[in-house]
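**Q** Dropping a structure here in structure tokens format, bear with me for questions.
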Amino acid sequence: MGEDKETNILAGLGNTISQVENVVAASLRPLPTATGDGTYVAESTQTGLAKDLSHVDLKDVRTLAEVVKSAATGEPVDDKQYIMERVIQLAAGLPSTSRNAAELTKSFLNMLWNDLEHPPVSYLGADSMHRKADGSGNNRFWPQLGAAGSAYARSVRPKTMQSPSLPDPETIFDCLLRRKEYREHPNKISSVLFYLASIIIHDLFQTDPKDNSVSKTSSYLDLSPLYGNNQDEQNLVRTFKDGKLKPDCFATKRVLGFPPGVGVLLIMFNRFHNYVVDQLAAINECGRFTKPDESNVDEYAKYDNNLFQTGRLVTCGLYANIILKDYVRTILNINRTDSTWSLDPRMEMKDGLLGEAAAMATGNQVSAEFNVVYRWHACISKRDEKWTEDFHREIMPGVDPSTLSMQDFVAGLGRWQAGLPQEPLERPFSGLQRKPDGAFNDDDLVNLFEKSVEDCAGAFGASHVPAIFKSVEALGIMQARRWNLGTLNEFRQYFNLAPHKTFEDINSDPYIADQLKRLYDHPDLVEIYPGVVVEEAKDSMVPGSGLCTNFTISRAILSDAVALVRGDRFYTVDYTPKHLTNWAYNEIQPNNAVDQGQVFYKLVLRAFPNHFDGNSIYAHFPLVVPSENEKILKSLGVAEKYSWEKPSRISHPIFISSHAACMSILENQETFKVTWGRKIEFLMQRDKHQYGKDFMLSGDRPPNAASRKMMGSALYRDEWEAEVKNFYEQTTLKLLHKNSYKLAGVNQVDIVRDVANLAQVHFCSSVFSLPLKTDSNPRGIFAESELYKIMAAVFTAIFYDADIGKSFELNQAARTVTQQLGQLTMANVEIIAKTGLIANLVNRLHRRDVLSEYGIHMIQRLLDSGLPATEIVWTHILPTAGGMVANQAQLFSQCLDYYLSEEGSGHLPEINRLAKENTPEADELLTRYFMEGARLRSSVALPRVAAQPTVVEDNGEKLTIKAGQVVMCNLVSACMDPTAFPDPEKVKLDRDMNLYAHFGFGPHKCLGLDLCKTGLSTMLKVLGRLDNLRRAPGAQGQLKKLSGPGGIAKYMNEDQSGFTPFPSTMKIQWDGELPQLKEDF
């Protein structure tokens, strides 16, 4: 208390002295004669670093260091270090006169200002969420920027004084452009790349013939050739039903005057759009696309429009990704490397020490200069040159193109276009006939696409435009003149490229250089068009130069690509899962593990799902001809990953639905063969040695039967049932204890992800000595969830590879993880094979679970067969393990889902009673409850291929099956067949156990059937003991699933960004505490 008083006295004394000093200073001031009102002029006093240092300590220095580091690196700030508060402390602690304090405060204010966009570029509301038909509203503050009907921008100031008497356009064509000798593209780029370029060009440029300063299309990559330039055109291609486009249609008429490969690409985008809206409606993320009754006209119109507009965003998103990941990669020759680098303008950037980040979502307006940059007629192939000549003769019969005036040419094209029907479904396309549903025959479209992929395009450069394009090129030259565009050199200087000083700089070909000299007198006077297309073309460079276009064009198109994508709100700030939905966003995203991030295959395989193998070279790399792709991919060591077969129709399997027919087929091993051998061998191939051919499910030969017998003997040893029951009871309980939690006092767990899936992982890793990392085995390699994903990938690749669009990605990923797991499993098996020291191995692995010795002894029994360790692992252990985990987890989750459903929950009280009774009789009934629940939620279909012609009777209908035809035994319908299961929708505990079909039937019936029944009914018993077992409220308590062909369910992963054959997540709740674990488990 005394010290406080002394401190207050001293402080007061200091204040008094300070006040006296101020009074003395004031008394010494001169009179205020500098102002008219008799006041003193206030003098600004600023202090510098010297005075600041007396107010700064080590903590402040550290604060400044961290601020400087953050500004330099752009790394996120760790706000738990209180950096902002420490900056405030530093600024507040400096003298009020400190110059540095003022600068620090300014920097702080600048940072806070820059945290937010001024003005914002992304907004809520339906009006802002979707593209407008005419492209308006991309920039909310300049809504007409880039809209259809806007005037072209001018990029370059035309300062050079040119003579009004410029060379005749047709003379220019004959001197500089006319094709004399056809040259293939030096990098063997296919015509498909230039068909895509045609779509891009006509997406951005469509000069209004009534006012050639105006473009009738938007300045955005919004697929307007498909969707239309305005609302009227868009309405013509819409069905106004379920968000769909009219089948195999596109809005623009102009494309009908191009080689049919261009139209095929647009039809492919049309099909992709319709595929997307089907999926969006089926998934209905967060109820976003809940379908109203069609009688409610206004609500249904909103539903249809929401689906259509979202589908357009998604389809345009794939279009942009194809441009950036396939088209630009090929242009830059990166496709010839294994690099995943790409020029993606959507990259997020922040201001840094090297300058400000490029702006984003600003909008765009195309310029007249770029209109002439994209005239690539030199690259038209010989095949398309002939097509164009034939087309010309068709629309202007009897007219010689070489003598046709430009006026007559324009008039002839106008008459042709005016004669096309307004209704897109009625417009002719390449002589193809529409089917009753309005679509074209897939065979015809695929044939056109195949021929386009195989057609090598022409090379860029002078003297390479087909003669048939003389009028087109002459009109282009005249149009550039009417726009008063700058010269070639002015355009180059705009990009900071050195101007051409001589005609030989423009083109080293003496003839072209001389012709330019005679036409223009001086390099500075060469017009931008035809200048940009008669320039010398770049050489090929890997990577760097793949398109091998003219020098100036090669620079301009990259700048344009960045501006078009980075300036588009819908490809940047509004390109999010929230706008597109999680599934759609993921569907169009590149995966660097597939084709180094290229995505063209996503379009091809969705448009034509019944013609291509999932690894078809025609689908994955269509922008280069197949023969050249073979050289490229061989040099990269990946050619064997792809199929080089030409596309051909793949027949659909015939679904068999009756129980009797399914059982008959599955039992008839002579006529109907299993189909999984090729997939198993693909996954198990090791060091160019084929493994897996003799695995039990790989075929129907004697070695396959021997595999089944050997694995059965190894799995089912003495007292296996008691050991399996004990394992599943304790493992399930342990996982419940480990992964359950309380929410507001209520018990909850993700029963699928954290219990059902993981229990099978533990069982499989114990039985087969797989390297699982757990508390009891900390030296394992794979975490529980990792090993589950590996096993699920293996199972899906072998048995559920049904989605052609994901097939390649799935198979490559499954093979990679299979190889990793196999190598680690080999290490364990080889130790046993070489030493036989089982006990030492058990100790080394730190295993303490109830099945650890079971698994080690099982491997020893397999080795006793005399087979090499490699054969044991790659042909028998890995395929068996891969067939167990995900399948068993699926069965249990489906069974539990039924008993938690409205129709099945009435059985829970009896299951609860039986589970607590804990008698053999009660356990038998629980097994029957499990089999019934699994039957009622079955999602299994088993394929077989007919080895010879036969007839199958299915539900009273005789089906003729040809040799080589695949039949699909639909066990979903077989499990609900009333002839085998009377009252099929009810749970009945007295059914014949031999009739259950969901484990298969016949010689390839699930080998682990008895293990599975025992283990999974034990899990049901553990869960059944919990009181008031129920779903968690809301969507988290449901299995997210959709019905596929034949009623076979497909599930969605946790974030609903993709489909999977297996349940992924479902949360349950219960009352009371969990039973105690055994101490020694």
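Backbone N, Cα and C atoms are what each Cβ position is placed from, and that goes for glycine too.
Not my notes, these are from Swiss-Prot:
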- TYR374: active site (ACT_SITE)
- HIS202, HIS377: heme b binding site (BINDING)
- 105-446: region 'Linoleate 8R-lipoxygenase' (REGION)
- 654-1081: region '9,12-octadecadienoate 8-hydroperoxide 8R-isomerase' (REGION)
**Q** Taking only the Cα atoms, work out how far the residue listed as 'active site' lies from HIS202 (heme b binding site), in Å, as a whole number.
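**A** Counting only the Cα atoms, the answer is 10 Å.
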**Q** With every protein chain in view, what's the tally of Cβ atoms within 10 Å of the Cβ of TYR374 (active site), excluding that atom itself?
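**A** So the Cβ neighbour count for TYR374 (active site) comes to 19.
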**Q** Reduce the DSSP letter at the residue listed as 'active site' to three states and note it down.
**A** coil
**Q** How many other Cβ atoms sit within 10 Å of the Cβ of HIS202 (heme b binding site)?
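**A** Taking all protein chains shown, HIS202 (heme b binding site) has 19 Cβ neighbours within 10 Å.
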**Q** Hey, does DSSP put HIS202 (heme b binding site) in a helix, a strand, or just coil?
**A** helix
**Q** Near the Cβ of HIS377 (heme b binding site), how many other Cβ atoms are there if near means within 10 Å?
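**A** Other Cβ atoms within 10 Å of HIS377 (heme b binding site): 21.
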